[in-house]
Amino acid sequence: MGHLGAFLFLLGALGALAEICEIPEVDSRLVEKLGQRLLPWMDRLSPEHLNPSIYVGLRLSSLQAGTKEDLYLHSLKLNYQQCLLGSASSDHNSHCQAKTSTGQLGLYLLALRANCEFVGGHKGDRLVSQLKRLLEDEKRAIGNSSSPTPWLSPRLPAHKGHPHTSYYQYGLAILALCVHQKRVHNNVVDKLLYAVEHEQHLHQGHLSVDTVAMAGLAFICLERSHFNPNKRLQITTAIGMVQEKILRAQTPEGHFGNVYSTPLALQMLMTSSTSHLEVGTACLKAKAALLASLQNEAFQNRLVISQLLPVLNRKTYIDLISPDCLAPRVMLRPATETFSLTTEIISVTLKVLSIVPPYKQSVFVLAGSSLEDVLKMAHELGGFTYETQASLSGPYLTSVMGNAAGEREFWQLLRDPDTPLLQGIADYRPKDGETIELRLVRW
């Protein structure tokens, strides 16, 4: 019986391991090459280029940038404090509006925690209060959580609206406050719980994997920190729902949603203590897909890279609850620059059919140019105008030919004939002969 008991115990242990999301070690050269893509961004210390996600990603990775990290964090602090205290110059003010958005402040709080800092003092309290006010504004934009009429049931929610920013930023802000041990009201958490349960509210009419994953990370932090005890059962249930949604979104290639939403999805699955028979297999399949994408150099966006580097180090944003700032990390060496003498010119056709009159123009740019370069060239040629706005993952189109995206509208990027682009204007590099359509769509 002793042998049988040991055998059954071993089978149980193996079964438990199969249900856990573990990422096997990846070739250190691939990881280093990925980290090297962040180094040029760390030299860009102007307000419009500073991005806290870069610092967070490196601190949770197996890599370090030495004194560059210290200088970058110092620049982040100066920039955000100037914006929050209202001491920025007029030239700086245009960037402050973006820096003090829900998601940007949330990322900044994560950056501070990645340096083992807790917000405190007058400046820290002001930062926390500002983020909590933004969350309250977002909550009101979504709708009241209960009926204003006292004799009606308080279980009649009004969640018909949408946050000013997005549920991604909403979840990020809750996560950021949580890792700093700052509580948020139950009715703020309620909005995210409802959004996860009714996924059509999350993003542009379809499931957004990274939005769901960010919500899941926020719930896991609340659960582990024992915050909102009255919501504990709902939070635990929501964590399981998020895990199920992510698993259902896995593509035949192995990605969760798409290649760029997979890193954050893996962070959530790696952190979740909810066991599932499919989890281990799904994570191994996703790891294989990520490895192929790494070898093909698919990751160029700094936000996605900063979410992937922790995964490759078996870390997640949840580790910021109690970060290990003394863990050894390998010093990043700048990549060896290669200079190409080729000056190949390619042709890209740009068209906008959702305006009157329609616009269509062929633009000639250097091979390897980004879609943003194509837009700039079209503007220089005349007859084409556009505007962009900074976001967590880079610039995005807000207006084309004087037509600004209104409420619940956005300018979609498509490769002809009708393939939505997964990358933004700064990251996508058109090929010779491609036609790119800018389409104003409503969601």
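Positions of Cβ are set from backbone N, Cα and C atoms, glycine also.
According to TrEMBL:
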type	residues	note
BINDING	165-169, ASP210, ASN258, GLN307, 396-397, 411-413, LEU421, TRP443	cyanocob(III)alamin binding site
DISULFID	CYS21-CYS283	disulfide bond
DISULFID	CYS178-CYS221	disulfide bond
SIGNAL	1-18	signal peptide
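Annotated features taken from TrEMBL, shown on the structure.
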{"residue": "THR165", "record": "cyanocob(III)alamin binding site", "contacts (Cβ under 8 Å, 6+ apart)": "SER101, THR102, GLY103, GLU138"}
{"residue": "GLN169", "record": "cyanocob(III)alamin binding site", "contacts (Cβ under 8 Å, 6+ apart)": "SER101, THR102, GLY103, GLY106, GLU138, PRO163, LEU392"}
{"residue": "CYS221", "record": "disulfide bond", "contacts (Cβ under 8 Å, 6+ apart)": "ILE174, LEU175, CYS178, VAL179, ILE318, ILE321"}
{"residue": "ASN258", "record": "cyanocob(III)alamin binding site", "contacts (Cβ under 8 Å, 6+ apart)": "VAL209, THR251, LEU422"}
{"residue": "CYS283", "record": "disulfide bond", "contacts (Cβ under 8 Å, 6+ apart)": "CYS21, GLU22, ILE23, LEU266, LEU269, MET270"}
{"residue": "TYR396", "record": "cyanocob(III)alamin binding site", "contacts (Cβ under 8 Å, 6+ apart)": "THR388, GLN389, PHE410, TRP411, GLY424, ILE425"}
{"residue": "LEU413", "record": "cyanocob(III)alamin binding site", "contacts (Cβ under 8 Å, 6+ apart)": "LEU371, LEU397, PRO420, LEU421, GLY424, ILE425, TYR428, ILE436, GLU437, LEU438"}
For the binding-site residues TRP411, TRP443, the one whose C-beta sees the most other C-beta atoms within 10 angstroms: TRP411
Across all the protein chains here, work out how many other Cβ atoms are within 10 Å of the Cβ of CYS178 (disulfide bond). 28
Cβ atoms other than its own within 10 Å of the Cβ of CYS21 (disulfide bond), all chains, total 23
